[in-house]
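*Asks:* In case it's useful when we look at the structure, here is the feature table from TrEMBL:
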- Cys345: active site, nucleophile (ACT_SITE)
- Asp254, Asp292: S-adenosyl-L-methionine binding site (BINDING)
- 139-391: domain 'SAM-dependent MTase RsmB/NOP-type' (DOMAIN)
Amino acid sequence: MTPAARVAAAIEVLDAVIAGSPAEQALTRWARNSRYAGSKDRAALRDLVFDVLRQRRSALWCSGQVEESGRALMTGLLCQQPEGLTAFDGSRYGPVPLTSTETGALRDLATAPEIIHADLPDLLVSAFRDALGDDWLRTAKELRSRAAVHLRVNTLRASRDEAMSMLADEGIVTRQLGNVSTGLEVVENPRRIARSQAYSKGLVELQDASGQIATLAAGVSPGDAILDYCAGGGGKILALAAAAGGTGRFVAHDVDNARMRDLPARADRAGISVECVSGDAISGSFDCVFVDAPCSGSGTWRRAPEGKWLLTPDRLAAYPNLQLDILSKAARHLRPNGRLTYATCSLLPSENTEVVKTFLDRYPNFTCLNEELLSVTAQCDGFCFAHFVKN
Ligand SMILES: C[S@@+](CC[C@H](N)C(=O)[O-])C[C@H]1O[C@@H](n2cnc3c(N)ncnc32)[C@H](O)[C@@H]1O
């Protein structure tokens, strides 16, 4: 596909997203109907669509249009890039050329008000200001750019140097993450990872630095019984099991069994035995219970940018009660003197420190050992975790 044809495809996918389709579904549907597109085309299309979703508000502002459309958003994104608008060249599969009205409406982002640079809906501008003070705009701007690709080295399979060397043999260049002992940042050929030997043999897993920091900080030891109460795809339980040296009992639980679909294969690759359970089927008690709770996701909108546009005041207000309920249920599975971790990828105190405080008020037999908020940086997603001990 030509660059112009990719832009036309992105406009089509964005129109579907504006009409209410989740972006991943719209991309999959487009790929199914466009068999001529190769893997590079699909990847380039995905990048274009997600670039727009990270910068949805500023792209519309730059387009000068009032009403959102795929064409307005793509125009607003591309007009900020040198030669970006050359895609509107009238070629066979490209978008039709810009009209003089469209060209005349374009605006330079440098002249936009501060709020446009934040690329957040109004609801979140005030929440970010309240939560982050002077750091709110820097954080919001950081969430407008693509996230780095991070790997966690599975220390049960290899050292960090061995994993780097195996990846390099396949052309995947990495560098060590300074802030986490198991972490690598991929600097060349990230799209080769899923098919690489290092990945299929379980030497590395995709995991952001913040998730690695939180699991390493949980302080697990060999032989521990560990419960990951909101396991999802299982990234946390695999990291916790590796931190425990692979020996102990490792249980993954999720209210939605389907979320753990890929976990058995991931655990096999990693050389870790994980029990997957759902509903009330958790048996025994645990030295460590890890709660990676559902949340607004505000620390990870670089990776999942749709979330920031879909959040409503009602949904935001409902999270703390849900989080508290989950944390309380998870805590019942802890042994005396066991450690409980509460984690979210949210930056908002309502989902973090306020949940911790209410939990402690309700359960005086727990002590909070520490609470840490990781801010959004080039090297790290936003994440918050608190450790409790059961007295
Ligand atoms: C932030 S995600 C977990 C991500 C996962 N730990 C990982 O590392 O990939 C939150 C998970 O909590 C699950 N969840 C939601 N409500 C729950 C509940 N009441 N009990 C247990 N899990 C729940 C969701 O299905 C979702 O998989």
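Backbone N, Cα and C atoms are what each Cβ position is placed from, and that goes for glycine too.
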*Asks:* Measuring Cα to Cα, how far is Asp254 (S-adenosyl-L-methionine binding site) from Cys345 (active site, nucleophile) in Å?
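*Replies:* Cys345 (active site, nucleophile) has its Cα 17 Å from the Cα of Asp254 (S-adenosyl-L-methionine binding site).
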*Asks:* Can you tell me how far the Cα of Cys345 (active site, nucleophile) sits from the Cα of Asp292 (S-adenosyl-L-methionine binding site), in Å?
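*Replies:* Cys345 (active site, nucleophile) to Asp292 (S-adenosyl-L-methionine binding site), Cα-Cα distance: 8 Å.
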*Asks:* Can you tell me whether DSSP puts Asp292 (S-adenosyl-L-methionine binding site) in helix, strand or coil?
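*Replies:* For Asp292 (S-adenosyl-L-methionine binding site) - judged by DSSP and reduced to three states - the answer is strand.
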*Asks:* In sequence order, which residues at least six apart in the same chain have a CB under 8 Å from the CB of Asp292 (S-adenosyl-L-methionine binding site)?
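*Replies:* Once residues fewer than 6 apart are set aside, Asp292 (S-adenosyl-L-methionine binding site) is near Asp228, Tyr229, Cys230, Ala231, Gly232, Lys236, Ala343, Thr344.
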